[in-house]
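According to TrEMBL, the protein has these features:
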| type | residues | note |
| --- | --- | --- |
| TRANSMEM | 7-25 | transmembrane segment |
| TRANSMEM | 45-66 | transmembrane segment |
| TRANSMEM | 78-96 | transmembrane segment |
| TRANSMEM | 102-126 | transmembrane segment |
| TRANSMEM | 138-157 | transmembrane segment |
| TRANSMEM | 172-191 | transmembrane segment |
| TRANSMEM | 251-275 | transmembrane segment |
| TRANSMEM | 287-310 | transmembrane segment |
| TRANSMEM | 322-342 | transmembrane segment |
| TRANSMEM | 354-376 | transmembrane segment |
| TRANSMEM | 423-444 | transmembrane segment |
Amino acid sequence: MADWRLINVLVLGIGFMFIFSAFQTCSMVEQTVITDARDAPNSTFTGNGYTSLATIYVVFAAANWIAPSVVALCGPKWSMVLGGFLYLLFIASFLYPMTWALYVGSVLVGIGAAVLWTAQGSFLTLNSDAETVGRNSGIFWALLQSSLLIGNLFSYFELRGATTISDSRRTVLFGVFSGACFLGVLSFVFLRKAPFTSSKEIQNVNISSSGIRTGPGEPNGTEVVNVMEDRPAGPVKALVQSFKLMATKNMLLLSVCFAYTGLELTFFSGVYGTSVSNTKILKDPDALIGICGMFIGAGEIIGGAAFGLLGKRTNRFGRDPIVLLGFLVHTVAFFLIFINIPDIAPIDKTQDVAYFYSVFPNEYVAVLCGFLLGFGDSTFNTQIYSILGFMYPDESAPAFALYKFMQSLAAAVAFFYSDVLMLKWQLLILQVMCVLGSFCFFIVEWGASHLHGPGMYTSID
């Protein structure tokens, strides 16, 4: 008999792989593409890539408060179709750059992202239980981040040897991206309704079912329910749940870690590629964006696959060792970037050497740093997915919406300062937040295991 929950997770991951093969590569090259479009002869285009990306994440942050209501009304499946379609509109706007279209598209994709990611978190939880949540989050994360390999591989071959991104190159690039995004949206149509799940099994996602708070009238024992699909929370109730959850102790602590993932998301998805491209002392720096992106993806895939396979051991011994590994990996990456990439590179093209004048920028170190950024990111995000799935199975939509709210708000702030601050200050902010985010995650993990014993992860607010 087919395991439709696993099939759903695979189709979900494939859909996101197509959409983000387009969008994540688009984010990495956006500032470079827009700069070349703005500098073209007789161009009337005045858009700014960092401003566009900041707009996306500001709207994303705000829209996360209404996203659970949209998911409650439409259901996870059709919410993902809607969100993915808005991504498609944004990507297609680059086929013929117009300033108004860039910023309108940025607003639309911000709304679409909030709906898409909230629905994804809910759908993944509906198709997981205590035994499979770690595996499923790892499978999804690996498929999602394989998009960085696919999109950036295409980007590398398309931009190799180019000194600027011409109209014809841009048309091919974003024509292919638009087609990939369409395939991703289409795949969501084939998702099946989550199989019926007993409330006892849902509770077991928290391991300690007695620690889960259920609302009045919710079934107990082994009555059969289909969470959110057959008995969706109303849109007003979903919004109220989000505000209540935000005020809890554990969610406030986790929000610091959420914010760090937003800052480093901005750095590896937008700032680092631009910095590499602007370091003109490197060999073929525009094409090197694609290579760095592929190694970011390789790090994400290896991390997601490894921590998915180790899901049962994670549940038993805790998530903090994996987060500690991510902290150490990112610390090394930030130091290597500091000594390898010129300070002015996030802002302008340069022929300068790195911070230490005896150290010249090196392509291999740049690629290695891409891998470390991706691997470290996978440690934080897979463990956040895991802990939210364990702690909030009955409040999955609000919990994942708050995660994306804090992440996207921090990402928006980072994109605003990315066009102003030198590289060393951006790296310092990242390192401080890495320490704080990791520490807050450890507190939540320690509190859960201290109250309920090893492996007992439950909502303890």
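The backbone N, Cα and C atoms fix where each Cβ goes, and this holds for glycine too.
Just so it is clear, the model here is predicted, and its values are computed rather than measured.
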Long-range Cβ neighbours of the transmembrane segment (78-96) (under 8 Å; 6 or more residues past either end): 15, 19, 22-23, 26, 30, 33, 56, 67, 70-71, 102, 104-106, 108-109, 111-120, 123, 170-171, 173-175, 177-178, 181-182, 184-185, 188-189, 191
Ranked first among 45-66, 138-157, 172-191, 287-310 for CB pairs under 8 angstroms with the transmembrane segment (102-126): 45-66
Cβ-based contact of the transmembrane segment (45-66) with the transmembrane segment (423-444), 3 or more pairs under 8 Å: no
Listed stretch, out of 7-25, 138-157, 172-191, 251-275, 322-342, that has the most CB pairs under 8 angstroms to the transmembrane segment (423-444): 251-275
Stretch with greatest number of CB pairs under 8 Å, the transmembrane segment (7-25) reference, 138-157, 172-191, 322-342 candidates: 138-157
For the transmembrane segment (138-157), distant same-chain residues with Cβ under 8 A (at least six beyond the ends): 9-10, 12-14, 16-22, 24-26, 28-29, 124, 173, 176-177, 180, 287, 289-294, 296-298, 300-301, 303-309, 311, 374, 378, 381-382, 385
Spatial neighbours of the transmembrane segment (322-342) far in sequence, C-beta under 8 Å, 6+ residues away: 257, 264, 272, 275-276, 278-279, 281, 307, 310, 314, 350, 352-356, 359, 361-362, 365-366, 368-369, 372-373, 375-380, 382-383, 423-424, 427, 430-431, 434-435, 438, 441-442
